[in-house]
Every structure is written in structure tokens, then in C-alpha cells.
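Down below is the structure, laid out as C-alpha cells.
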Amino acid sequence: MAHSVKIYDTCIGCTQCVRACPTDVLEMIPWDGCKASQIASAPRTEDCVGCKRCESACPTDFLSVRVYLGPETTRSMGLAY
């Protein structure tokens, strides 16, 4: 089942989320906005199983990577009533 995976600009390019993902949903891409010159990207969200290991691995105070499961997606994006 595919889940929505969002990468935020608080990403520090550490690769922890990429290494934690058991289904290779995430990858690093070049980005000049951080010291590491790379940022996480989620090109294969259809393979996301919703384990949230990427969230657990993220060392930033505000999670740079978030996985939204089903109804959680619309609620967090302000689309649910």
C-alpha cells in the first residue's frame, strides 16, 4: 500500500532515513540548501509500507521526513472535516 512521504527543508542530508528504509523508498539527491549538499527524496512512495523507520532514524528536532498513513494524510494537510 502506498503512503504519502514528505521531505521537509529541515533535512540535513545525513542519509539516516535512506539507510533505515527497508523498501528503498528514499534516496539522496543533490541540493545546495544544506551543508551536506544533498537532501532526501521519496521517488518510490508506492513501495512505502508505512513502517515509519525513516521517521525514527531522523536526527532533526522537527522530523524532516514524515510518513502519512491513509486518513492521517488528509487530516494533517487540513483536508478532512
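Please read every residue number as a count from 1 along the shown chain.
From the backbone N, Cα and C atoms, a Cβ is placed for every residue, glycine too.
Feature annotation from Swiss-Prot assigns domain '4Fe-4S ferredoxin-type 1' to 2-31. Positions annotated as [4Fe-4S] cluster 1 binding site by Swiss-Prot, on the basis of sequence analysis: C11, C14, C17, C58. What Swiss-Prot lists as [4Fe-4S] cluster 2 binding site is C21, C48, C51, C54. Per Swiss-Prot, domain '4Fe-4S ferredoxin-type 2' is recorded for 39-68, and the stated evidence type is sequence analysis.
All features noted in Swiss-Prot, drawn onto the structure.
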residue: C11; record: [4Fe-4S] cluster 1 binding site; Cβ contacts under 8 Å, 6 or more apart: C34, I39, A40, T60, S64, V65
residue: C14; record: [4Fe-4S] cluster 1 binding site; Cβ contacts under 8 Å, 6 or more apart: A36, P59
residue: C17; record: [4Fe-4S] cluster 1 binding site; Cβ contacts under 8 Å, 6 or more apart: L26, A40, C54, E55, A57, C58, S64, V65
residue: C21; record: [4Fe-4S] cluster 2 binding site; Cβ contacts under 8 Å, 6 or more apart: R53, C54
residue: C51; record: [4Fe-4S] cluster 2 binding site; Cβ contacts under 8 Å, 6 or more apart: P22, V67
Tertiary contacts of the domain '4Fe-4S ferredoxin-type 1' (2-31) (same chain, 6+ residues out, Cβ under 8 Å): 37-51, 53-70, 73
Residues close to [4Fe-4S] cluster 2 site centre defined by C21, C48, C51, C54, Cβ within 8 Å: V5, C17, A20, P22, T23, V25, L26, V49, G50, K52, R53, V67
Most crowded position, judged by CB atoms within 10 A, among C48, C54, C58 as binding-site residues: C54
For the domain '4Fe-4S ferredoxin-type 2' (39-68), residues assigned helix / strand / coil by DSSP: 8 helix, 7 strand, 15 coil
PLDDT averaged over every residue in the domain '4Fe-4S ferredoxin-type 2' (39-68): 85
Other residues, Cβ within 8 Å of C11, C14, C17, C58 Cβ centroid ([4Fe-4S] cluster 1 site): I12, G13, T15, Q16, V18, A40, C54, A57, P59, T60, S64, V65
Helix, strand and coil totals (DSSP H, G, I; E, B; other) for the domain '4Fe-4S ferredoxin-type 1' (2-31): 5 helix, 8 strand, 17 coil
